[in-house]
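Presented below is the structure to which this report refers.
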Amino acid sequence: MEGLYAFCVGLLTACGIFLALRGRSFSVVIGLTLLSYAVNLFLFASGRLKLNAAAVLGQSEQYSDPLPQALVLTAIVIGFAMTAFVVILAMRARADLGNDHVDGTLPKLPNDTQQKTGGNQ
Amino acid sequence: MQHLSIFPVLIPLLFGAIMLLPPISRNINYQRVASVIGTLFMLMSTATLLYKVNAEGVQLYALGGWQAPFGIALVADKVSSLMVLLTSFMSFAIMLYAVSGQDKGGAYFHPLFMFQIMGINGAFLTGDIFNLFVFFEVLLIASYALLIHAGGKHKTQATLHYVILNLVGSSLFLFGLGILYGTLGTLNMADMAVKVGQLQGETATLAKTGALLLLVVFGLKAAMLPMHFWLPKTYASASAPVAALFAIMTKVGVYSIFRVYTVIFGEHAGELANIATPWLWPLALLTITIGSIGVFASPGIKTLSANLVIVSSGSLLACAAINSEEATSAALYYMVHSTLASAALFLLADVMSRQRGKAEDRFVRSRPFAQPRLLGFAFAILALALVGMPPLSGFVGKIMILQATQSTTQTMWVWPLILLGSLAALVTFSRAGTTLFWRHSGNATAEAEPAKKLEIAGIALLLLASPLLVLFGGDVSEYTQQAARYLHDIQASAYGLLPGVAQ
């Protein structure tokens, strides 16, 4: 179970970092969202993974650590608010700056002929 | 007054919340009065807190009555109470400046300002590392909205970078916290400091990963190289009161570095003792260097003051790298000085740029100022303070840092860089002053807006701090020495905060 869990967190983190490094604000926002999912799963696992262990004393033989669950809850709320903010900000930047690149200007590619020819739609 | 420690968090929260409700939310004049009263209350309560901490020792406040290490504790010690007093004094002065018209650019300036102060104060006071994360987010989300206050293309672009960077930073913060909680089993900073010495082998390596991830996050906040690229643009494009308030934001990062890497991962951390020092050394020195180059290259006052913030961050990080009582004491003194002086420079830059028409704050020939004497005097005082010339506080602060170096190698690296950084500031300030005040084209026009009385009062209050820090230099440095001794003494800063835990 631990191996699969670790693999999932790792995959989510890798995808998140890759997307966060892209140039367009949309993929960056998706990347940040994936990263926050990975973080939430990771925090949850910091109290160790246990089966059949409720976070309540006296309910089962073993009990799991309740604190990471509280931490995850806080992290989810904060992450959700931040994602909402960054989505609105990205839309505002698209409107203000005229394109959706995070730098506000589209980089010119060396073999970019679109601008001269007007592009073929 | 057992609840005094939480007042610096509660007062801005209450005032911010009240200002969101009608009838205050509809009338900007009510909001202004409420803001000034709120910051004044905060100033009084933090001054009382500092007095009480100085007289009676550390004030430990267990939120909800849950005792540490299980509940969240607020720790008002000499370091944190100095920082909250600095924040309240600065926010009061900035608020005086803002109420005379700078707050009209967009809605909700006053509540957001209050919430940001609440986040800053909370980050200084908290004794729980997850709570530190929460307060970081509070101050960040308020700062995102404040940064874009009054709108404009430049602000949108700078805010987008700032928000994305800080969101990545928050994720890293949580990864670091998860690792530390997984290895140490606690989030209370004092308890972590006690338990970290027992880690061995693989667990210690894992905890080291978490600790260094936190260094990345704090370094991002503190504008440590190579995470400083966001700062000049962000600070230069923010509106004046916001930029001035942001002057303390890098200090929150530096403060967290001091707290985490002196108390938790300090001398007593067993295998993890002083883990940040080898990283902090080169990064701090490079930060000073790149900041000084930035100072030379600045085209306007706002960019100049943003680059000076980077230089001061570098100097403070160098103190953290030296990692001794004297260095921490010097850093605390220098932190108070540089925060107030750079906040004043941001405000002054705004007054100047409003009197220069299209030239704004750039170092180009332009029409003369409407109030040349007043502005020239303020500019000269600030330049002296920020360059570090006697008789103002910058001189004392820099001398304290220079004296704190311990070995010849440290002296060889720190002295030339800090002194060359001062030289860069001196050259740029002279060049800037000459152009701004002596090279004119055309005549002063009637449309130039003279500074209002409250604006002058706000700037004067910040300027006054610099000579006062020198006049009462003995008392202040004695206080910072005691604070530094407390921070380096694990018996006081960790075991003393945990009733029932013996060394």
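Here the Cβ of each residue, glycine as well, is placed from N, Cα and C on the backbone.
Curation plays no part in TrEMBL annotations; they are all automatic predictions.
Values in this document were obtained by computation on a predicted structure and should not be read as measured data.
Look at TrEMBL and you will find B:6-24, B:33-51, B:79-99, B:130-150, B:162-184, B:204-223, B:235-258, B:278-297, B:330-353, B:374-393, B:413-433, B:454-472 (among others) tagged as transmembrane segment. Residues or ranges marked as domain 'NADH:quinone oxidoreductase/Mrp antiporter transmembrane' in TrEMBL: B:128-412.
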### Query
In the same chain, who gets a Cβ under 8 Å from the transmembrane segment (B:374-393) while lying at least 6 residues past its ends?
308, 333, 336-338, 341-342, 344-345, 348, 351-352, 355, 422, 425-426, 429, 433, 436-437, 451, 456, 459-460, 463, 465-467, 469-470, 473
### Query
Counting only pairs at least 6 apart in sequence, do the transmembrane segment (B:278-297) and the transmembrane segment (B:33-51) share 3+ Cβ pairs under 8 Å?
no
### Query
By a Cβ-Cβ criterion of under 8 Å, what residues six or more beyond either terminus of the transmembrane segment (B:6-24) are in contact with it?
30-31, 34-35, 37-38, 41-42, 45-46, 49, 61, 63, 74, 84, 87-88, 108, 110-115, 117-118, 121-122, 125
